[in-house]
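I have placed the structure first, in the form of structure tokens, so that the comments after it can refer back to it.
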Amino acid sequence: MDGVGSFGAGRAGAAFDPIAFIQQPQTVLRILSWIFSMVVFGSIINEGYINHGSERLYCVFNKNNNACNYGTTIGLIAFLACIFFIILDMKFQQISSIKDRKKAVMLDIGFSGFWAFLWFVCFCFLANQWQRTTPDELPLNQGADAARAAITFSFFSIFTWVGLTVRAVQKYMLGTDMSLFTTEDLDGNPPVQPYPTITSTEPDDTYQSPPFTENLDPNAPTYQVPIY
């Protein structure tokens, strides 16, 4: 796992290195996922609908509009999510609270794992509908390239999002190096100034001998009180 400290990142406030950030496997996977999602929903929107024999547009996937709508929705949300998580990764090291870092990593695990499953469903759904599509429904093979591109990159997206899930789990398992953070970082609360120590002014009860008694001459005559 790259980096040390809290969930794969160093101490909060460290300088951001864009070159090292781009070279991270997690960033590469996010960029690939972003490109794949753009290809999927872009192909369906641009060439995924045809008007064979009527003015109404039909989906190239067996004229099933649900297939086109599902692929477009999954791809568009994945496209926006990749942008969000890339920004979150850039700001992750600036998060000082360990609790907030943990929440960000858990969000990444949950979303990436769920979207990997949805991409699997998308691939199976589009591939099944494409197999049921007859040549008569696609005159001059219209929209075939867009359909194949959507299916292919849906398949690739499964592995990129599974990879993102694995990377997020590794960050979560890495945990926290407690030596890099203070108690305030753990709690996420501003530091509290301690009260100043007040020196006690109470009188001391220890016995002190009266002054001028240490150097008395024992042979000196004592004064006797006269009796009247």
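Each Cβ is built from the backbone N, Cα and C atoms, and glycine gets one as well.
Here's what TrEMBL has on this protein:
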type: DOMAIN; residues: 21-173; note: domain 'MARVEL'
type: TRANSMEM; residues: 31-50; note: transmembrane segment
type: TRANSMEM; residues: 70-88; note: transmembrane segment
type: TRANSMEM; residues: 109-130; note: transmembrane segment
type: TRANSMEM; residues: 150-169; note: transmembrane segment
type: REGION; residues: 199-221; note: region 'Disordered'
type: COMPBIAS; residues: 199-212; note: compositional bias 'Polar residues'
Selected stretch (most C-beta pairs under 8 A with the transmembrane segment (70-88)) from 31-50, 109-130, 150-169: 31-50
Across the domain 'MARVEL' (21-173), average pLDDT on the 0 to 100 scale: 91
